[in-house]
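Working notes for the structure below.
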Amino acid sequence: MTTKEKDEFNIGSLQNSPESSTNMSPDVITTPISKWQAFKDSFKPPEQKPLASSSSSTSSLSASSPHHNDVANNYDIEKSLRPDQQGELKRELKNRHVQMIALGGSVGTGLLIGSGGALHQGGPAALLIAWGITGTMVFCIIHSLGELCVAFPVNGAFSTYANMFVDSSWAFAVGWNYAIMWLIVLPLELVAAAMCITYWNDEINPASWVAIFYVLIVVINIFGVKYYGDAEMYLTIFKIIAIVGFIILGVVLVCGGGPTHEFIGNKYWKQDGAFANGFKGVATTFVTASYSMAGSEMVGLASAEVANPQKSLPKAIRQVFWRIFLFYFLSLTFIGLLVPSNSPQLLGASGTSASPFVIAIKNGGIYALPSIFNACILLSVLSVGNSAVYGCSRTIQSLGAQGLGPKIFAYVDRKGRPLGGLVMSAIFGLLCFLSAYHDEATIFNWLLSVAGLATIFSWFNIGLCHVRFRLALRKQGRSLQELTFTALTGVWGSVYSMIFLCVVLVIQFWTALFPLGSKGKANAENFFQNYLGAVVILIFYVGHKLYTRNWKLCVKLEDIDLDSGRRSFDLDLIRAEIEEEKAANKAKPLYKRLWNYWC
């Protein structure tokens, strides 16, 4: 019998066997499809699969809980929030991706360029005070977010938590304002990236570079979350190298080891003073510091696509300390020592030429490094643009799934891409071509004013959700022992953060209405450019209340569902692993215990 005849006989016998008629489908033998066809098919709806039994996903919760019987009837919130057969996000982010997103994913123009304006307005001491105190608030907020995300690693994170723990109208207002912010940030960052190129060559039309960067960012996000994670990981590595390199260079320059051999020390603190423009200058710096840390909450959005959130997220949350200390506090300490607050370069320059990091290197007499650091700024800007598409698309998909937006936005294809949000981001990204318009700055300022306070309200929302989560646990007689990760700063860290953010909003109101140099005269245009976001959030909130006719301010503590949304895991097993890990750590030297906790 020939080989061909044997193959035909084997196939025929398989098809005619009793087992094949019951266990094999006609689709077992398929015709290979091209890569292009596979790519096109990936945008189709996912194959229909029956939802898993709800009891299996929750039976591992502690039977000692007074709500154990209720738990058995609940199911994962990711499925309850997802319209039938709309697909779900893929958990393809690895531990290395999450660590890098947490460590430097939000570092961009706010720190690398915007800190120059803050130095001029407030002085070097104001930089340390504002970023130091703001850093404590962000530290508390991210730990609060971490506690919620480890317990409920669902898409939308804080917008979903607002719906669960506060009120649907509040979730609608905060969620859409946050999404709109990222919609506007994308074209802004693309234009900023093109401006970075003009540092080397200003003869080429910036619109050409804008088009290249636009296609690059859209393609990265179209290929899926794994490619987004890889891109962010490598871009963050470049940021870390750049900032650490600048700090080392700063030590050398301050001590007189630069080409000029001039000992700088605290020269500019004595010469120009530690503060500029008095109390209002310091107050204005607080506002800038808050905006420079926008995006710190991105690790929460990523929790829905992390392969192992119970292990990866706690470690990523602890990395926030190093980002605040290394990226912000240490680097700005040397900025205050190396750049005078009244430097003409801070006033007359634009784009990356106004970056205090570039100015510090130039003042040190090093003429090759500014170009290298400008390249790092370019990569940081592209990183923020990449994160803008990611953050916007996931938030919009979550809002659609919760019924807080058009249902079409809830669609997730076979590859786990939220296509509605991606398409919307790509459409708004086309605003980047306004760079060819002579007055694009004015247009972008007014566009950004619509969601200018989104970050502050989102942070406030995280603190509020965490407080109400803890209150609901207490009200329903639940224990913190149910949680595998708790915020280091506890519930009082959230309370402190909420109070701090309210103070920042008051300061923002004052400095927006009476900006520096106004001589006590109100400036209406400046006020609306900086405070219009508060009005927009109020309109969204009241509008949703009127539309739904739901007049309750918030969900009652006893009615908050503390079980739906828990991941399918063996809680007792995880507790045992945690205790075993703690016991192993106790046997290690102190320095190793500290390293394992903070790194």
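Cβ coordinates are placed from backbone N, Cα and C, and glycine is handled just like the others.
Here's what Swiss-Prot has on this protein:
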REGION    1-80  region 'Disordered'
COMPBIAS  12-25  compositional bias 'Polar residues'
COMPBIAS  51-65  compositional bias 'Low complexity'
TRANSMEM  100-120  transmembrane segment
TRANSMEM  122-142  transmembrane segment
TRANSMEM  146-166  transmembrane segment
TRANSMEM  180-200  transmembrane segment
TRANSMEM  204-224  transmembrane segment
TRANSMEM  235-255  transmembrane segment
TRANSMEM  320-340  transmembrane segment
TRANSMEM  364-384  transmembrane segment
TRANSMEM  418-438  transmembrane segment
TRANSMEM  443-463  transmembrane segment
TRANSMEM  487-507  transmembrane segment
TRANSMEM  527-547  transmembrane segment
Six or more residues beyond either end and a Cβ under 8 Å away: which residues meet both conditions relative to the transmembrane segment (235-255)?
100-101, 103-105, 107, 263-265, 326-327, 330-331, 333-334, 337-338, 357, 360-361, 364, 366, 369, 373, 376, 379-380, 382-383, 386
Which of 100-120, 180-200, 204-224, 487-507 contacts the transmembrane segment (443-463) most, counting Cβ pairs under 8 Å
180-200
When you check the transmembrane segment (204-224) against the transmembrane segment (487-507), do you get at least 3 Cβ pairs under 8 Å, counting only pairs 6 or more apart in sequence?
no
Could you check if the transmembrane segment (364-384) is in contact with the transmembrane segment (100-120), meaning 3+ Cβ pairs under 8 Å among residue pairs at least 6 apart in sequence?
yes
Please work out which recorded stretch in 100-120, 146-166, 180-200, 487-507, 527-547 has the most C-beta pairs separated by under 8 angstroms from the transmembrane segment (418-438)?
180-200
Return the stretch with the most CB pairs under 8 A relative to the transmembrane segment (487-507), choosing among 122-142, 146-166, 180-200, 527-547.
122-142
Sequence-distant contacts of the transmembrane segment (122-142), meaning Cβ under 8 Å and at least 6 residues beyond its ends, amount to 115, 268-269, 272-277, 281-282, 284-286, 288-290, 292-293, 296-297, 299, 317, 320-321, 324-325, 328-329, 332-333, 335-337, 341, 459, 462-463, 487, 489, 493-494, 496-497, 500-501
